[in-house]
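A.B. asks: Have a look at this one.
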Amino acid sequence: MSYVYTSLLLLAEVCEPKMLPTFCTFALCAVPPLRSATASPIHTHYPHAFPDTAQWPLARVGKALEQQLPGEDLQAIISEISQANIEATIRKLASFGTRHTLSSQTDPERGIGAARTWLTAKFQEAADASEGRMTVDWNSFIKYPGDNERIIFPVNITTVVATLKGSEDPERLYVTGGHYDSRNSNPIDYQGDAPGAVDDASGVAVSLELARIFARYRPKASIAFTAFAGEEQGLLGAEHLAQTYKNNSANVAGMINLDMVGNSKAEDGTSDPNNIRLFCQGTPLTEDDTSAISRVSIGGENDSPARNLGRHIYEVASNAFTEMTVRLVYRLDRYSRGGDHRPFLEAGYTGVRFVQPNEDYTQQHQNVTVRAGKQYGDLVEWLDFEYNTRAAKVVASTMWSLANAPDIPRNVGSNVTTSDNFSQFKWEAPVGLPPEGYEIVYRETIEPHWTSVIEVGNVQWYNLTSATIHKDNVIFGVRSVGAGGYRSPAVLPFPFGCTRNC
């Protein structure tokens with residue numbers, strides 16, 4: 001029985017009779033009379049009409065890609081993460097009553113000023129153990145009323161930044177952190193309670209705990225552990241810090257936002273304790289028109305720097321040591337929400353956001369109150385401190401792996417001068433820490449993660465002479481490899497030598 005004939009019979013079973021002439025017109029064939037509803041099914045063998053293969057492309061070049069497990073140094077860092085410290089930080093931040101950006105900056109016990117003073121002291125404690133390699137600074141500015149309806153009088157907005165200088169590649173910087181300001185139902189209520197336990201004391205607690213631990217280690221690249229302010233008023237602190245870095249031509253190689261990483265339960269009580277979401281933007285917000293057109297023509301919309309950073313984080317942080325799986329979400333952020341990674345993306349940097357797997361909106365941006373017997377508000381009692389600690393392990397794996405690998409290769413390209421079955425790649429070494437070699441990774445275009453890897457050595461070009469792994473059928477990436485097997489995120493090769501449609 002022909003495929004068209006069989007398909008039309010299948011349609012006849014599930015569609016209204018009046019639709020059949022339309023299908024028949026498209027198929028250019030005649031449709032046999034409809035069988036009765038009691039007739040035996042005709043599609044018993046349908047699943048076998050298109051047998052899938054265990055692997056496609058049919059031949060693999062290189063080897064199957066395996067996730068990167070932590071070495072002894074990273075295992076030691078993970079083992080030092082203290083659930084008690086994370087809980088104590090969250091409880092302390094919630095105890096300030098409100099940390100609204102417009103709240104008191106002078107009251108020693110209540111308001112954002114008291115929280116900032118306490119956080120600065122705690123970051124400084126970490127720095128004191130670093131033998132001078134970590135410094136604590138304030139990134140401050142005055143925000144005036146104007147086009148922002150959530151700023152109703154001039155206010156000092158201060159982000160606390162603890163920067164750990166890299167031992168071998170100090171000019172390359174990775175930024176991580178959460179926001180320490182909070183809010184309730186009214187975005188300009190700066191006097192009512194807003195404990196902000198999950199949103200976002202949970203993220204700040206991770207940043208502070210990792211600063212404490214990392215200060216006694218020597219990552220090769222620099223890491224900034226931050227606590228942002230002004231997030232609830234429009235990502236203001238992160239925007240100012242990102243622009244400060246940009247104005248100083250800082251090499252920010254990645255920004256990892258930690259915003260709401262403390263609760264695994266949804267509003268209906270569903271628990272998802274071993275997954276964490278990672279939101280990864282698609283086409284870069286600052287990409288020029290030529291690059292954007294080329295990206296679309298080669299099907300690279302899903303291989304932005306942010307998404308390849310996300311794939312890298314999945315590889316290094318989803319394992320038995322973290323007890324978590326990183327779940328990539330191909331979006332900038334959740335619907336109608338924003339986060340402090342966005343200003344970094346808008347400044348031309350690569351940024352992603354960690355978020356817990358479920359959300360309870362009765363606990364977010366809510367007044368602390370009881371309505372119809374139900375407790376509302378972002379309270380400490382909602383926290384799952386074990387989950388928050390596992391999230392910290394994920395972030396520790398991320399930051400250590402990134403900071404100890406070489407930077408991504410530069411100017412990665414794929415030669416399309418001629419039409420053939422082979423692929424030729426070229427790239428340039430990254431600035432800073434020299435790689436020990438490079439790898440070409442690839443996957444089928446519909447796969448979310450890299451599946452195969454080719455080790456090419458310490459070269460800056462490679463000819464792939466296998467006709468079975470064709471550039472039309474897979475997505476390629478090139479990544480740097482350093483000492484200890486630490487790898488950079490992969491970079492999508494853009495075509496060169498083409499005359500049309502690329």
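Heads up, residue numbers simply count up from 1 along the chain you see.
Heads up, the Cβ atoms here are built off N, Cα and C, so glycines get one too.
The model shown is predicted, which means the values in this text are computed figures rather than measured ones.
Sharing the feature lines straight out of Swiss-Prot:
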SIGNAL    1-17  signal peptide
CARBOHYD  Asn156  N-linked glycosylation site
BINDING   His179, Asp199, Asp259  Zn(2+) 1 binding site
BINDING   Asp199, Glu232  Zn(2+) 2 binding site
CARBOHYD  Asn247  N-linked glycosylation site
CARBOHYD  Asn367  N-linked glycosylation site
DOMAIN    408-502  domain 'Fibronectin type-III'
CARBOHYD  Asn415  N-linked glycosylation site
CARBOHYD  Asn421  N-linked glycosylation site
CARBOHYD  Asn463  N-linked glycosylation site
A.B. asks: Between the Cα atoms of Asn367 (N-linked glycosylation site) and Glu232 (Zn(2+) 2 binding site), find the distance and write it as a whole number of Å.
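C.D. replies: Their Cα atoms are separated by 15 Å.
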A.B. asks: Which ones are near His179 (Zn(2+) 1 binding site): of the recorded positions Asn156, Glu232, Asn247, Asn421, Asn463, which have a Cα within 10 Å?
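C.D. replies: Near His179 (Zn(2+) 1 binding site) by Cα: Glu232.
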A.B. asks: Taking only the recorded positions Asn156, Glu232, Asp259, which one has a CA atom nearest to the CA atom of Asn421 (N-linked glycosylation site)?
C.D. replies: Asp259
A.B. asks: For the recorded Zn(2+) 1 site, enumerate neighbouring residues of the same chain (Cβ within 8 Å of the Cβ centroid of His179, Asp199, Asp259, site residues themselves excluded), in sequence order.
C.D. replies: Gly178, Gly196, Asp200, Ser202, Gly203, Glu231, Glu232, Leu258, Met260, Gly339, Asp340
A.B. asks: Can you tell me the CA-to-CA distance separating Asp259 (Zn(2+) 1 binding site) and Asn415 (N-linked glycosylation site), as a whole number of Å?
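C.D. replies: Asn415 (N-linked glycosylation site) has its Cα 41 Å from the Cα of Asp259 (Zn(2+) 1 binding site).
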A.B. asks: Among the glycosylation sites Asn156, Asn247, Asn367, Asn415, Asn421, which residue has the fewest other Cβ atoms within 10 Å of its own Cβ?
C.D. replies: Asn247
A.B. asks: DSSP helix, strand and coil counts for the domain 'Fibronectin type-III' (408-502)?
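C.D. replies: Result for the domain 'Fibronectin type-III' (408-502), in helix, strand, coil order: 3 helix, 43 strand, 49 coil.
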A.B. asks: According to DSSP, collapsed to three classes, what secondary structure does Asn247 (N-linked glycosylation site) have?
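C.D. replies: SS state of Asn247 (N-linked glycosylation site) = helix.
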A.B. asks: Looking at the recorded positions listed here (Glu232, Asn247, Asn415, Asn463), whose Cα lies nearest to that of Asp199 (Zn(2+) 1 binding site)?
C.D. replies: Glu232
A.B. asks: What is the nearest of the recorded positions Asn156, Glu232, Asn247, Asn415 to Asn463 (N-linked glycosylation site), using the Cα of each?
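C.D. replies: Given the candidates Asn156, Glu232, Asn247, Asn415, the nearest one is Asn415.
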A.B. asks: What does the structure give for the C-alpha distance between Asn415 (N-linked glycosylation site) and Glu232 (Zn(2+) 2 binding site)? Integer Å is fine.
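C.D. replies: Spelling it out, the Cα of Asn415 (N-linked glycosylation site) and the Cα of Glu232 (Zn(2+) 2 binding site) are 46 Å apart.
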